[in-house]
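Starting off with a structure, shown below.
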Amino acid sequence: MNNLTNLLTRAFFMSTPLVLGALGEVIAERTGMMVTAVEGIFLIGAWGGFIGAYISGNIWLGFLIAMFCGLTVAALYALTTVYMNQHQIVMGTAIAILVSGFCTFFYRVIFGIQTTPLKVLVLPNMEIPILSKIPFLGAIIFSQNMITYCTYILVPIVFFIIFKTSLGLTLRSCGENPEAVDAAGLNVRLVRFGAVLVAGSLGGIAGAYYSLCNVGMYTSEIISGRGWIAFGICFLGNWNPLGALIFGIVFGISEAIGIYVKALGLSTIPSELFSALPYILVIILTVCRKELRVPNRLGAKYLKEN
């Protein structure tokens, strides 16, 4: 029972940045914008968050800087795709590559070449009184860190905004029929730009989660494709925050299993296979997922008619 509890506790811990990043994707993609720079946003969030926390000694300032870094990259992506009408996939990939080189170069400029990694104290867990004492579930759900709690509170909030408010109707309409939104006197490009900025902010915090909550350090390989997993979770969750939560937990479990098996040496199978388990899973689930209600204008440019 203790092993199962530890595994599921780790799964919820590892699912947090995936759910957070996927929520940002859901918001943006509902407006028709595929934030394909998500890997770069995660990476610069991890980079900026670590540097901010290390220099200031304040982990929350690190998260704030990470959010700003993610927002900045998202603004660059939105500027080129929303206002300059560049191809979303091409620009997102190019920006992600640019960010990778930027982070590596300026990390060395700031700290030099280190023989041993620099470290910060990770964000501690915070037990919720009474709830953390609930048998089994208390240790799994109510003994996490503040970012995890905020992420899971954010899921129903985003769901309510998207499906129960006029703002959500506007967001969804921009992804389904932007001409109708424009005819109603609303600025489609401004709505899309704002949605991408929100996705970038959440993605930046998600990236910082790996450097400030998971390992307490920064390396150029710290994200290792997890931004793309968050991107895939948005699709698998059918552009629904609740779906993103479910599949985020599924991928958190898969990642926790890989870590758990490697740590205990329970298998003769190469450890690299377990490290690849979440990526294998996203391929399998994407192929098997049949009924996807893709936003009608997802990834399409919007050119306002004069």
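Yeah, the Cβs are placed from backbone N, Cα and C, and that goes for glycine too.
As listed in TrEMBL for this protein:
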- 12-28: transmembrane segment (TRANSMEM)
- 35-55: transmembrane segment (TRANSMEM)
- 61-82: transmembrane segment (TRANSMEM)
- 89-114: transmembrane segment (TRANSMEM)
- 134-163: transmembrane segment (TRANSMEM)
- 193-212: transmembrane segment (TRANSMEM)
- 269-288: transmembrane segment (TRANSMEM)
Within the same chain, where does the transmembrane segment (12-28) have neighbours whose Cβ lies under 8 angstroms from its own Cβ atoms, ignoring anything closer than 6 residues to its ends? I mean 6 or more beyond.
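Counting only partners 6 or more residues beyond its ends, the transmembrane segment (12-28) has Cβ contacts under 8 Å with 34-35, 38, 42, 140-141, 144-145, 147-148, 151-152, 154-155, 158, 162, 171, 192, 195-196, 198-203, 205-207, 209-210, 213-214, 226-227, 229-231, 233-234, 237, 239-241, 244-245, 247-249, 251-253, 255-256, 259.
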Could you tell me whether the transmembrane segment (134-163) and the transmembrane segment (35-55) are in contact, taking contact to mean 3+ Cβ pairs under 8 Å with a sequence separation of 6 or more?
no
With contact taken as 3 or more Cβ pairs under 8 angstroms (pairs 6 or more apart in sequence), are the transmembrane segment (193-212) and the transmembrane segment (61-82) in contact?
yes
Who are the chain neighbours of the transmembrane segment (89-114) in space, where the CB to CB distance is under 8 Å and they lie at least 6 residues beyond its ends?
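Apart from its flanks, the transmembrane segment (89-114) reaches 34-41, 43-44, 47, 51, 73, 76-77, 80-81, 218, 220, 227, 299.
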Six or more residues out from either end of the transmembrane segment (61-82), which same-chain residues have a Cβ under 8 Å from its Cβ atoms?
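Contacts of the transmembrane segment (61-82) (Cβ under 8 Å, skipping residues fewer than 6 from its ends): 33, 35-37, 40-42, 44-54, 88, 91-92, 95, 99, 120, 147, 189, 192-193, 196-197, 199-205, 207-208, 212.
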